[in-house]
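See below for the structure under consideration.
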């Protein structure tokens, strides 16, 4: 009896790509990161991973999975290729006045501020946090510690450099651009770099949120974990939220993304603003 071969997900592709290939990618990514890829992401997966196949000169996704199993270092590159890195300076702008108010209150108590940006991507979020604190506290040497982490080592390298195309700064007020960025010239024309004083306020680390040890000390004043939870299933969301809330001070703030809500976790957090929560 003849056996049928899996049909490609899309026609006329450079690499043969089946539903089985996509399901295997979904399973591997979930196992490594806890991220649940939606069925609608099949084309995105092909686009991202086909670059790896070309670079490695592999002929099929089956060959790539074999390579993935044989080369431990490829797992991180696999994760880097598939994790989404959509970000912007002062994204979800309504969060930053609340952070500034929190900073001023803590300064009055003579208490240093500790903040974790848990999905830092290419750095726009932690640098927006740093700018907010410098502006609120009136000093380039504020009593703050900002830890910024991501699972993707590639974006963290970009974040540490702090170099961005000028168009990324288009929506930023001119005084902030002038104070916190250096405009490139010559071969760096069309780019801007975060000033060194601001870069020194942020410590970048590679952290997989599914790891048992985050190496993040407690008593945090704020955690930014925005537009991350949507990639996890509800049980994983609850486990992560429980761990993060345990790191916050009682008056600390948890900043979530615009498409996230934690109605299912009201025993852990209470809403104190638009997508802003405190420990319950």
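Each residue, glycine too, has its Cβ placed from N, Cα and C.
Since the structure is predicted, the reported quantities are computational estimates derived from the model, not experimental observations.
Among the features that Swiss-Prot reports, domain 'CheR-type methyltransferase' is placed at 10-280, with the record citing sequence analysis.
The S-adenosyl-L-methionine binding site annotation in Swiss-Prot covers 85, 87, 91, 125, 150, 208, 209, 226, 227. Counting every protein chain shown, 22 other Cβ atoms lie within 10 Å of the Cβ of residue 209 (S-adenosyl-L-methionine binding site).
Look at the Cβ of each of the binding-site residues 91, 150, 227 and count the other Cβ atoms within 10 Å; the largest number goes with 150.
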